[in-house]
Amino acid sequence: MGQARDRVNYSFKRLKEIPEELRPREKLLKLGPENLSDEELLAVILGSGSKGADVLSLSKELIKMGWEELEKKSVEELLKVRGLGLVKALQVKALVELSKRFKGGKSRISIRNPQEAFEFLKDKFDERRESLIALYLDLSNRLLDWEVVAIGNVNTVFSKPKDILFKAVKLSANGIIIAHNHPQGEPSPSNEDLNFTERLKKACELLGFELLDHLILSEGRYFSFREEGVL
């Protein structure tokens, strides 16, 4: 048996103990984000620790809590974490919220007028058949979610108000925009379109939602019920 060797410690507890080239920012620059641990990525975002806690120790403590727990905690509760001051608590809450908004690829974009609704919707339809899409917005007209509510044939699509309102209740939405396409023909409303819109508007009012608009899209153009004074 050879001479006993000093034990090699791969786990550095404090940032200042880590060789400069292996610190989170330097690693990110040299190796890319995919080669950093969760703690290291959070340390890059937080930037520095405090007198009471090194940034890596602080990041490790926060990651250990888990994303769902961080989402639930208020700023006041986060301030109880050793070394986490007000600015960093706000950074954590902002990061969690931003991550939630981008989860699933659905960023919280704003839709404030018919043109913005059209720009969002124009590539969402199958040109071969009619479809009905619903957009669900919050009080600030930010998109909470959207879905294809119904798919029909080349000339018609059938739906009921409850098909749209069920998800609005689930999301606690404030406003709803519906849209459907006319694969063949002009983007102008039929009698069926007018009747359905009126029924949906009344159903929305009963449940405390606002029907913001109904758009009909066809061949790169649109008809807005709100813009034309029909709604």
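Cβ atoms are placed via backbone N, Cα and C, with glycine included.
What Swiss-Prot says about this one:
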- His180, His182, Asp193: Zn(2+) binding site (BINDING)
- 110-231: domain 'MPN' (DOMAIN)
- 180-193: motif 'JAMM motif' (MOTIF)
Cβ contacts under 8 Å made by the motif 'JAMM motif' (180-193) with residues that lie 6+ beyond its boundaries:
125-133, 154-157, 214-219, 221-223, 225, 230
Secondary structure at Asp193 (Zn(2+) binding site), reduced by DSSP to three states:
helix
Mean pLDDT over the motif 'JAMM motif' (180-193): what is the value?
89
For His180, His182, listed as binding-site residues, tell me which one has the smallest number of other Cβ atoms within 10 Å.
His182
Could you give the number of helix, strand and coil residues in the domain 'MPN' (110-231) as assigned by DSSP?
36 helix, 38 strand, 48 coil
